[in-house]
Amino acid sequence: MKIESLDLPDEIKRFYENSGILELYPPQAEAVEKGLLEGKNLLAAIPTASGKTLLAELAMLKSVLNGGKALYIVPLRALASEKFRRFQEFSVLGMRVGISTGDYDRRDEGLGINDIIVATSEKTDSLLRNETAWMQEISVVVADEVHLIDSPDRGPTLEITLSKLRRMNPSCQVLALSATVGNADELAAWLDAELVLSEWRPTDLMEGVFYNGIFYCKDKEKPVGQPTKDEAVNLVLDTIKEGGQCLVFESSRKNCMGFAKKAVSAVKKTLSNEDRETLAGIADEIIENSETDVSSVLATCVRSGTAFHHAGLTTPLRELVENGFREGRIKIISSTPTLAAGLNLPARRVIIRSYRRYSSDSGMQPIPVLEYKQMAGRAGRPRLDPYGEAVLLAKSYEEFVFLFEKYIEAGAEDIWSKLGTENALRTHILSTISNGFARTREELMDFLEATFFAFQYSNFGLSAVVDECLDFLRREGMLEKDPDALVSTVFGKLVSRLYIDPLSAALIAKGLREAGTLTELTLLHLICSTPDMRLMYMRSQDYQEVNDYVMAHAGEFSKVPNPFNIAEYEWFLGEVKTSLLLMDWIHEKPENEICLKFGIGEGDIHATADIAEWIMHVTAQLAGLLDLKGAKEASELEKRIRYGAAPELMDLLDIRSVGRVRARKLYEAGFKSTAELAAASPEHIAVLVGPKITERIFKQIGRREAVSEFSDIEPLEKGSSDGQRTISDY
């Protein structure tokens, strides 16, 4: 099916033809035939790189040009940024594109001026909770990676959000994009959608197992040279020799880094002079953005053409790695499975070095087939690679047979709703009532019967869980006591708007009521004791140190569990460890020191602080509403967590481009406020932070003196990025 034959305005056809897209892939053509451009609901369950995003674009553009508004929902912030950059190309068609991924208690009415809005599932849910007016104007909703409805963490939010959007806008077109799953027909039936189910790919995918020096596919065998003792390194070299790149998936961050380092000496020999020059520039940027031990290792790897990628890296470092790979300079990325979750980063060959993952419940277990398929789907770059290869590694013949049967010859599992637990339902029941979607128990059950959970399980067990949630919400003062009506209290409405688990809100309110003196530690531990906080893992070497700290500061905790209750006490120690990380952060301990002390990555610091800033903001808001002590202290701590600094630096940190390191440098040099900066000479400031930053500072504080005449002045200390970031950038 040709682009020119589609029922689209000529300017859209020209846009794609000028981009080199003249003809639709078979699954795309099937989607058009099944009503994609006629406003029909559609589920596309097709492999990675088979053109799902183009389907979304065509549906959105058609709808917007007919006066509608499009919402594109993604599971990850990184994926939101990627799609936003892509959709901004539609500006030549007169389209306005917006993005929203954070600040969960804002309406973001300004986003409504856009024709296409990209948002995460959580942000979309919060926009609904805050009754954002333009949400009622949505004419087409795209749910990307909709198979993640199976995820215990993200699935319930996506499921409820889709249910609310469909009820709010019954005529709205829903386009769901999914990996190939076992029960795609069931998911399509729930969405009242036409199903496009296909295994077609634009590049052939050869899936197989590497054993004893040979890559075995279903219908062929391919010997691979063995220049080194590591089979995966040999597979990497074989790929580079044929002009390709590799993604290597590992089960842990440690293994990621280890393999990237292991491959350095071999990959370095394959680089051209141009590769080396470009990679040196990328490595320098990595060092400029971060001065931790991990970033130093990453820079060393990148200079040799290898890299690693995991959540312990900051967003800027991950983006540098991704861009270097897309440009073809970085030959191999060793990654945890997070890279398989939606980012557009294909490679000639995907190597899955470990197919087992650790579970606290059952130890090392084989990954699901669906997860394998997501990783394997990254093999083969459309229009660039003649084929793609997905390789599992076997150490024995028995393992070889197992891998073929488990992954190569098997289909993906069915996906199942994870909505039917009290933990999942508690927050969504409150928001459903607060938004007016349900005013009685009968209306609430009617709404929940439209969810995927009810579609799969009917009402089995749902009624009892709903009653438990309603009892909890009434008991904690978030719902009125009226047994015949469901009405949120002012407290309940605020909890819903703040996008916090009602249990977290109840724990915060109880903690503030019962606390004696509120210290930094008291408030930090209070937010770390909520289910919304992501806790640090307790290593064996942590127990004694954290326990000693608890004994020395017992009076600052609202309650210390009995150490003989082992499970409860260990959980408590994890809360304390996380509190201590935040304590070090707000007292300006260097990031590398924090990383080494807690056994984490720089990205973990920022992710933890990001969540903590949000929960501390919630704490300040709840304390203010309920007239509890701690509102002022929590508000001050919220800002300190945002910047990772002591109170005296807050005035300086209100200036963009001044982060915790530069603020401390300016403060120690005698410039303790924006007023003192305004009275200073540009030359003096430039010696401290450099001319570029000085120019930015002076523009913001109302002095636009040119600093170009002293552009040769270097700052006293080099190494910090020109664009220091706050937590919200991560």
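Heads up, residue numbers simply count up from 1 along the chain you see.
Glycine residues also receive a Cβ, built from the backbone N, Cα and C atoms like all the rest.
In Swiss-Prot this protein carries:
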- Q28, I46, P47, T48, A49, S50, G51, K52, T53: ATP binding site (BINDING)
- 33-199: domain 'Helicase ATP-binding' (DOMAIN)
- 144-147: motif 'DEAH box' (MOTIF)
- 232-433: domain 'Helicase C-terminal' (DOMAIN)
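When the Cα positions of Q28, I46, P47, T48, A49, S50, G51, K52, T53 are compared pair by pair, the longest gap among these ATP-binding residues is 13 Å. Excluding the listed site residues Q28, I46, P47, T48, A49, S50, G51, K52, T53, the same chain places Y25, P27, A44, L54, L55, R201, P202 with Cβ atoms within 8 Å of the centre of the ATP site Cβ atoms. Note on the domain 'Helicase C-terminal' (232-433): mean pLDDT across this stretch is 92. Cβ neighbour count for Q28 (ATP binding site) (all protein chains, 10 Å cutoff from its Cβ): 25.
In sequence order, A179, T180, S198, E199, W200, R201, L205, K373, G377 make up the list of same-chain residues 6 or more apart from P47 (ATP binding site) whose Cβ falls under 8 Å from its Cβ.
Non-local contacts of A49 (ATP binding site) by the CB criterion (under 8 A, 6+ apart in sequence, same chain) comprise R201, P202, T203, P346, G377, R378, G380, R381, P382. In the three-state DSSP reading, A49 (ATP binding site) counts as coil.
The most crowded of the binding-site residues listed here (G51, T53) is G51, judged by how many other CB atoms sit within 10 Å of its own CB.
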